[in-house]
C-alpha cells in the first residue's frame, strides 16, 4: 500500500522556485459496484473488507441516479479475483453490475512527505526535510546543507501543505550570541515576520526576525511557572518577549521581567498589556548582570510604595460573590524579596551568577521569616557527566561549591548531538548574597 499510494518520481533541477503540479497526477484503474442509493448501506456492511480503504479517499461516488462503490485494488472487473466469497455471493444475489472506474489523485491529495520523496534525490525517507517549528503563521526550518539546492521547492511544498502557514523561512547562520537571534531567508510565502503566538493561556506578539522564540520550550516554560505561587515575586533576568512573565502574571505572581534586546523589550511591554497583566508584570531593558543587582532595591521600593496589588474576580464570578455577600476584591501583598530568579539564556546565563554576590548585603532582616531565593539557570552541556561540569561552572561564577544533592539538574531537551540543555535549580546561599560587596 505504501508503494502504491505514492506519486511518481519527478526529476527536479536545483534552485527551482516553482512546481509543475500536473506532474503529480496519478491515475488508478479500479473496479466499482454500481448500486441504487438504497443498497449502499447494506453493501458497505456485507462487503466491508473488500471496499477501497485508502487514506483521505472516499469510496462512494454519484453517477446519475446511482452510486458507484469502489472495491479494493485487487478486484477484477468480472468479479472472479480479489474479492471474498461473501462479497461475490452478495454481488450475484443482487445482480450488481461491476464497472471500471478511474481514480485520479493529484498534487492536492499527496502529503508533504509524499511530494518531497518524489522530487528529492534518493536517500533515507526520514532524512527528507518535511519537519518544521511553527511560530504563528511562520514555518521555521533548519535545512541541512545537502538540501539547500532544493530549499525553495521544499519551502513551496511546506507552504502548500500546511493551511495555517503563510511564510516559510530557513535559518542561515548560528544564533547571535548577544540577543539569540539569527539570520533567516524566506523560502516561500509572504515576507512578514510579525507573528502572534499562543502559549500557556497567553498571546504573544513579536517580530520573529528580531527576537528569540522557541516553541519547543513551551513545556519548560509551564514547568517553571507551576512552581510560582500567587504572591511570589519572580525576577526574570532574561525574559525575552515574556513566555515566563505573562503566564506567571496571570497567576497573580509579581514579576520583574528584563531583556537587553530592545526589540524583545518592546514586545514584552506590548505582551504585558495584551494579556492584561500590567499590575503584576513590570518590564525593564537592562544588562542582565546589572538588573540582578538593581532589581533588589527596585522590588523593595515597589513593596514599600505600593504595599499590595488589588485584584477583582471576573465579572460573572464577581456577581455571584456579590449575591452571596462575599468580598469581591483581594489585596495581594507585595513581598520585599524575590522567591525565584529565572535565567533563561542557556548559552551564557551561568556567567551572570557572580552578580548575586552581596546583592542582599545589609538586608538580612528581610529574610527573617522568608526562605532564601531559588535560582533557575538554563545552560548547555556537552560533557558525559553533566552534574560535575555544571557544578564546576556554577562554582567558577558564583564562588560557592554546591554538592550534587543541593542542585536539581533538570534535563530540558537535546539541542544537537552532544549538546543538551539543562535547568539547574538551587537556593542562593546566605554566605553569598549577604556578603559585603568587593569594591572595584
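Each Cβ is built from the backbone N, Cα and C atoms, and glycine gets one as well.
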Need a hand: Swiss-Prot gives 221, 259, 260, 287, 288 for S-adenosyl-L-methionine, which of 170, 275, 344 is also on that list?
344
Most crowded position, judged by CB atoms within 10 A, among 259, 344 as binding-site residues:
259
If you pair up every Cα among 221, 259, 260, 287, 288, 344, the residues annotated as binding S-adenosyl-L-methionine, what's the maximum separation in angstrom, rounded to an integer?
22
